[in-house]
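Chemist: Okay, here's the structure, questions in a sec.
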Amino acid sequence: MNTFERENNSSLHLLNTTNASASSMDPAMGLSPAGTTIYRVILPIVCTCGILGITLTIVILSRKHMCTSTNCYLMALAVADLLFLLLFATILADNQFVLYSKEYYNYTIYINYAVIFMQIFLLASIWLTVVLAMERYIAICQPFLAAKMCTVNKARVIIILIYMFALICRMPNFWESRVVTIYDKLTNTTLTYIEATQFSINRYYMIVYPWVIDGILTSILPFLLLFMLNVRLVWEVRKSTRYIQRNLIVEKSAANVIQREELQITIMLISIIIVFLTCQAPYVIYTAIVSINAFQMATVHFMLFRYITQLLLTLKSAINFILYCWFSEKFWTTLKKVFCIEQCLFMQKPINLDGVSQNGTSYCHLRSLNGNTRDTVL
């Protein structure tokens with residue numbers, strides 16, 4: 001059985017564009033104009049913008065003074081998203097090869113393994129997002145544990161463990177196929193292609209693996225954890241702000257700074273939930289459909305849904321750096337220093353970098369009285 005003909009793994013089928021068409025290397029052929037526009041226009045634009053934005057983020061976060069536990073997670077998240085988008089960008093070039101040519105078969109071998117690595121980076125990105133929310137929860141809700149738990153060294157260890165976890169979860173995908181080389185006596189040439197293994201069509205594997213990995217570990221569980229953590233975080237931030245305003249005598253300007261900080265974090269957390277829900281929900285639906293009815297999905301409407309799902313996953317990777325980095329004034333300050341920018345049209349100035357309001361009131365001092373620090377939160 002050829003890899004192009006099997007669709008037992010929902011996640012690999014979703015990202016493997018060579019499955020989209022049996023008659024042409026161009027998966028957009030036979031689609032509606034909307035599907036063609038998504039695949040040939042919107043997806044490349046999103047990938048390009050995402051790659052540029054994430055590269056910029058990595059440049060900024062790699063600065064020594066940006067080395068905090070939170071920024072370690074942000075850096076690891078940016079790397080995972082960048083590698084995901086780079087691999088997906090190469091898959092979008094699938095219409096450059098003649099069907100059934102030697103280059104076509106070589107490219108499909110590359111596609112087979114590129115998609116697996118894309119799934120590894122996607123899974124790592126998802127759980128890095130969850131761990132980042134957990135760290136913020138500890139920093140705000142358990143401030144006395146933050147000094148021990150929220151350290152750079154522990155963050156690096158956790159990042160390595162997450163990548164190892166993602167690799168182990170996707171390891172069975174490498175056993176689903178093998179590279180086969182045959183010799184054609186008539187043409188005196190050799191042909192190398194991908195062939196499915198018996199393991200890939202094992203009945204129990206086809207049922208259990210997609211539901212456990214794609215359904216639970218990649219979609220349902222991280223979303224539930226992220227949702228609960230963010231709800232608790234929003235509640236704790238509001239409670240902390242009310243406590244400061246009620247028990248401390250502060251100037252009006254300092255109170256406004258606290259309110260703006262609360263609003264900023266709340267918007268960021270709500271944005272995380274909305275983006276994750278919006279982008280992951282179609283993936284959950286797609287996984288369920290493919291797992292239940294894997295061999296009747298060649299309709300134009302389903303292919304359109306497939307490309308919309310791809311677009312949302314790509315969009316999630318492309319805009320993560322906006323949600324996690326561009327809310328930070330420290331990021332913008334470093335950006336201006338690196339690129340010598342005097343004015344940034346989109347820069348927000350809700351909080352002074354040193355934690356001091358315009359009239360000199362120390363915001364960091366106010367937060368520290370309640371056991372919280374801005375550096376561990378953002």
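Placement of Cβ uses the backbone N, Cα and C atoms for every residue, glycine included.
Where the annotation comes from TrEMBL, it is an automatic prediction and has not been curated.
So TrEMBL says this about it:
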TRANSMEM  38-61  transmembrane segment
DOMAIN    53-324  domain 'G-protein coupled receptors family 1 profile'
TRANSMEM  73-93  transmembrane segment
TRANSMEM  113-134  transmembrane segment
TRANSMEM  155-175  transmembrane segment
TRANSMEM  208-229  transmembrane segment
TRANSMEM  267-295  transmembrane segment
TRANSMEM  307-327  transmembrane segment
Chemist: I need to check the long-range neighbours of the transmembrane segment (155-175): which residues 6 or more away from its ends have a CB within less than 8 Å of a CB in the stretch?
Modeler: 9, 12, 69-70, 72-73, 76, 80, 113, 116, 119-121, 123-124, 127-128, 131, 135, 197, 199-200, 205, 209, 213, 217
Chemist: Do any residues, 6 or more residues outside the transmembrane segment (73-93), come within under 8 Å Cβ-to-Cβ of it, and if so which ones?
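Modeler: Long-range Cβ neighbours of the transmembrane segment (73-93): 15-17, 39, 43-44, 47-48, 50-51, 54-55, 57-58, 61-62, 110-111, 114-115, 117-118, 121-122, 124-125, 128-129, 131-132, 135, 155, 158-159, 162-163, 310, 314, 317-318, 320-321, 324-325.
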Chemist: What is the average pLDDT across the domain 'G-protein coupled receptors family 1 profile' (53-324)?
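Modeler: The average pLDDT of the model in the domain 'G-protein coupled receptors family 1 profile' (53-324) works out to 82.
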Chemist: How about long-range neighbours of the transmembrane segment (208-229): same chain, 6 or more residues beyond its ends, C-beta under 8 Å?
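Modeler: 8-11, 122-123, 126-127, 129-130, 133-134, 136-137, 169-170, 172, 272-273, 276-277, 280, 283-284, 287-288, 290-291.
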